[in-house]
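> Structure provided below as structure tokens; questions to follow.
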Amino acid sequence: MAPTADTSFASHVANQFTSYEKDRQMSSKQAIYATSNGAPQAHPYETQRAGDNGPLLLQDFHLIDLLTHFDRERIPERVVHAKGSGAHGFFECTNPIPDLCMADLFAEKGKKCPITVRFSTVGGESGSHDCARDPRGFAVKFRTEQGNWDMVANNTPVFFLRDPAKFPEFIHTQKRDPSTHLTHADDSTMFWDYLSQNPESIHQVMILMGDRGIPDGYRKMHGYSGHAFKLVNKDGDWVYVQIHFKSQQGTGFITQEDSASKSPDYSQKDLYEAIQRGDYPKWDVKIQIATPKQAEEMWEKQRINVFDLTHVWPQSQFPLKKIGEFTLNENAINYFAEIEQVAFSPSHLVPGIEPSADPVLQSRLFSYHDTHLHRVGANYQQLPVNAARTAYKFGNFQRDGPMAFYNQGARPNYLSSIDPIQFERRKVDPDKTHGHFIGQAVAFLSEIRPEDFKAPRALWQKVFDEPARERLISNAAGKMSLCKDKEILKRQIAIFREVDDDIATRLEKATGIKGYDGIADLKFNGTHNGMAKGAKNRYANGVDPTSRITSSNGAPFAQTHVSVQAMGVDGVA
């Protein structure tokens with residue numbers, strides 16, 4: 001006999017689908033205390049014993065249930081960006097760009113989609129101070145009708161590195177010493193050692209030591225994609241873009257001295273309380289646009305590499321174009337479920353948005369998804385905060401694994417001819433949307449060149465006023481005072497000297513350490529020195545001097561974007 005509607009498994013499942021939001025909103029007055037299997041328990045502090053003074057009973061499932069869950073209630077914290085805050089809201093398209101991008105969220109004015117945003121520091125643990133001098137993460141999950149698009153940005157337009165294999169080692173230097181277990185707030189030797197051996201970091205170092213190193217909360221900071229992405233329209237035409245989130249609250253900063261007096265959760269509190277009182281923070285979404293030809297010309301004429309995370313695009317040449325804005329108007333009700341478990345990855349893209357050949361971006365496409373598989377589990381995208389909200393029902397052949405909730409019913413878990421899954425025709429030929437990448441396998445490591453100092457020099461000479469310069473010197477000198485090795489600081493001052501001799505002179509006065517006269521006579525262990533006087537110092541430690549160093553430093557040079565069909569057999573147009 002078939003079960004009734006009320007007792008069927010289908011009825012139970014339907015209730016589970018609707019109960020998540022009910023549970024999220026439920027008050028304690030509506031709840032009866034029970035064990036995890038739903039059995040009521042008279043009091044949470046009661047235990048079963050053999051008499052009033054005897055040992056505990058193994059049959060006391062309530063106590064066992066309580067302790068075993070407590071032992072497992074933490075998941076691994078993020079290996080970077082562990083300290084974070086977040087909220088929910090919505091994106092609204094204000095200036096449609098269907099001529100540039102076929103993604104549905106940019107299709108028409110007024111188009112909206114829900115979002116979740118997570119802000120974070122980079123190096124600290126989950127309990128660390130959120131007013132630390134550190135870059136800030138700025139990740140946005142756009143829940144579009146075509147799937148989730150994650151923009152995993154930072155509050156600075158550049159980063160410390162452009163060679164992806166450096167990232168794990170760099171992050172190690174931002175964390176605790178493996179012997180003393182001290183952070184660089186007490187011992188900055190590792191911090192400066194890495195930076196002084198990898199001089200391409202200088203632009204980010206100057207931003208970090210400047211006023212933007214400690215923003216006045218998350219509401220008063222901008223966000224930047226850093227990487228170039230590609231926008232593709234329905235005809236397969238595409239452009240490179242840099243994506244900017246511009247705070248409508250303006251920007252602000254906290255001085256090093258004032259940061260010590262702030263709550264460890266100052267930025268979290270500021271964001272949460274602003275939303276609670278209805279002061280909803282907003283950001284404009286803007287893009288810089290460069291055609292493939294312009295990207296090549298940027299390198300050929302100005303030595304700006306669009307695939308280089310340490311370079312910026314001049315806004316005088318590539319002005320910002322507003323395409324929308326987003327608002328945060330809803331705090332998380334449960335921080336763990338909605339912010340700790342939210343998982344962002346640059347590989348979460350939708351039709352019309354594609355990655356560029358930036359090698360650091362390419363490595364992040366793998367690494368972010370991989371760390372969520374470790375941190376949350378194989379089915380992390382089934383969690384409500386991560387689940388896609390498409391305009392269509394979607395499925396695939398991914399099945400099972402721990403905590404499989406949406407396990408796709410009885411549908412075949414392979415490409416079946418009996419019960420075939422449906423397909424949507426590819427909108428654009430992928431061969432039209434990439435550059436001309438044909439060549440031998442190469443061992444690539446970038447080199448430092450004079451052009452790498454142009455943007456940080458402009459930052460010092462044209463952007464910073466005198467009080468801002470003085471604060472940078474004070475912040476950098478203070479950090480240097482915690483370094484135990486003067487040789488490291490001599491190298492670092494030499495790198496600053498390549499930006500502007502004024503910086504080096506001021507740091508020498510502030511630290512009492514005489515730096516080297518530039519980097520021409522220095523050899524680096526992490527970067528080829530394209531400014532070295534002789535060949536012996538040009539190659540990074542351990543690299544064969546006969547190794548090939550690319551003349552383009554990884555940039556898209558002339559004819560990089562010539563289509564494969566237009567190339568001859570030998571790869572020449």
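First residue shown is number 1, and so on along the chain.
Cβ coordinates are placed from backbone N, Cα and C, and glycine is handled just like the others.
Note that the structure is a prediction, hence the values are computed from the model and not measured.
When I checked TrEMBL for this same protein, it listed these features:
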- His81: active site (ACT_SITE)
- Asn154: active site (ACT_SITE)
- Tyr368: heme binding site (BINDING)
- 34-422: domain 'Catalase core' (DOMAIN)
> Determine, to the nearest whole angstrom, how far the Cα atom of His81 (active site) is from the Cα atom of Asn154 (active site).
11
> How big is the Cα-to-Cα gap, in Å, between Asn154 (active site) and Tyr368 (heme binding site)?
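Computed Cα spacing between Asn154 (active site) and Tyr368 (heme binding site) is 15 Å.
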> Sequence gap of 6 or more, Cβ distance under 8 Å: name the residues on the same chain that satisfy this around Tyr368 (heme binding site), in order along the sequence.
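Correct list: Val152, Ala343, Phe344, Ser345, Pro346, Ser347.
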> How many neighbouring Cβ atoms, not counting its own, are there within 10 Å of the Cβ of His81 (active site)?
23
> According to DSSP, collapsed to three classes, what secondary structure does Asn154 (active site) have?
strand
> Return the count of C-beta atoms lying within 10 angstroms of the C-beta of Asn154 (active site), excluding that atom itself.
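Other Cβ atoms within 10 Å of Asn154 (active site): 23.
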